[in-house]
Amino acid sequence: SIFTVLILTLLVLLTVATFLWNLLVLATILRVKAFHRVPHNLVASTAVSDVLVAALVMPLSLVKELSAGRRWRLGRELCLVWVSFDVLCCTASIWNVTAIALDRYWSITRQLQYTLLTRRRTSNVMIALTWLLSAAISLAPLLGWGETYSPEQERCQVSQDPSYTIVSTGGAFYLPLCVVLFVYWKIYKASKFHMGGRRRNAVVPLPEAAQVKEASREPQMVFTARRAAITFQTDGETWREQKEKKAALMVGILIGVFVLCWIPFFITELISPLCSCNIPPVWKSIFLWLGYSNSFFNPLIYTAFNKNYNNAFKNLFVKQR
């Protein structure tokens, strides 16, 4: 039908756009030396996982969607490869988003202790743990924890063993979900605390100075004491407060999109094996591709809040004098 052709066209465009956009982010990070530091290594790790989702997972998922009855007719070996990369790359993408949220949280709440060297070490540890945990979850079925391929029914899916389902969904989604929600709550509280502290500790200018300010409309320097640090402030918010608000907004959008994309899939993935519920295949496909779309939205979000990426993108295509 025409509707089916439109849906498949949309899925193909989503796959191509996800691959190209994340590849562009990786090329930009490799090309621009200023990006060879944290937190861009976390962004690069996220882009790598999302590129692999678009290159190795989504095309085979599309082939499965095109087959009659969504049956798997590519053999056992390719089924195991597809399921393993599906779990590996999607889990890594989710935990990389969590790592970015944690990095933003520590950079706001521990500015004195969270130096550039500490950030680099911490981010490298988080990246290593992300990929190790993802590999452990994805390789468990290959070692005998459940079965992914059924030749009689021509079915290829993630292991439906109840114990594996609980461990895999908990480690791949529910645990990072709790972490990112806690992190965003703490970031929001820190931003409100710093803004409230500025109002309490700001040095109020003399009335004469205020009259001159109103008459001349010139910016005025105000000293703000906060946590044993003195910052300069012009009219309005300080640079630090603007940075905190921007980070809180970015993390909030990143987490919101992440939750909306993945929570329908992981709810059905957890409930289905435990209650032996028969969820219609069309809804499974919708929830799965909604989760895949998170790999498309990730680079859009964390580059939209960084002007350096926009300038770097322009330099890749336009020659500057």
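Easy rule for this one: first residue shown is 1, then count along the chain.
Each residue, glycine too, has its Cβ placed from N, Cα and C.
On a predicted model such as this, the values are computed, not experimentally measured, just so you know.
According to TrEMBL, the feature transmembrane segment maps to 6-30, 42-60, 80-102, 123-144, 164-185, 247-267, 287-305. Per TrEMBL, the feature domain 'G-protein coupled receptors family 1 profile' maps to 21-302.
If you look at the transmembrane segment (123-144) against the transmembrane segment (42-60), you find at least three C-beta pairs under 8 angstroms, all six or more positions apart, and that counts as contact. Residues 87, 90-91, 94-95, 97-98, 101-102, 104-105, 133-134, 137, 140-141, 145-146, 158, 248, 251-252, 255, 258-259, 262-263, 266, 269-270, 273-274 of the same chain lie 6+ residues outside the transmembrane segment (164-185) yet bring a C-beta within less than 8 angstroms of a C-beta in it.
Residues 94, 97, 100-101, 104-105, 107-108, 169, 172-174, 177, 180-181, 183-184, 187-188, 191, 286-288, 290-291, 293-294, 297-298, 301-302, 305 of the same chain lie 6 or more positions beyond the ends of the transmembrane segment (247-267) yet place their CB under 8 Å from a CB of it.
Outside the transmembrane segment (80-102) by six or more residues, the chain places 39, 42-43, 45-46, 49-50, 52-53, 56-57, 60-61, 74, 123, 126-127, 129-131, 133-135, 137-139, 141-142, 148-149, 156-158, 168, 171-173, 176, 179-180, 183-184, 251, 254-255, 258, 262, 291-292, 294-295, 298, 302 with a CB less than 8 A from a CB of the stretch. Within the chain, the transmembrane segment (287-305) has long-range Cβ neighbours (under 8 A, six or more residues past its boundaries) at 11, 14, 17-18, 21-22, 24-25, 43, 46-47, 49-50, 53-54, 57-58, 61, 90, 93, 97, 100, 246, 249-250, 253-254, 257-258, 261-262, 264-266, 268, 313. Same-chain residues lying 6+ beyond the ends of the transmembrane segment (42-60) with a Cβ under 8 Å from its Cβ atoms: 11, 14-16, 18-19, 22-23, 25-26, 29, 74, 78, 82, 85-86, 88-90, 92-93, 96-97, 99-100, 103, 123, 126-127, 130-131, 292, 295-296, 298-299, 302.
Here the domain 'G-protein coupled receptors family 1 profile' (21-302) returns a mean pLDDT of 80 for the predicted model.
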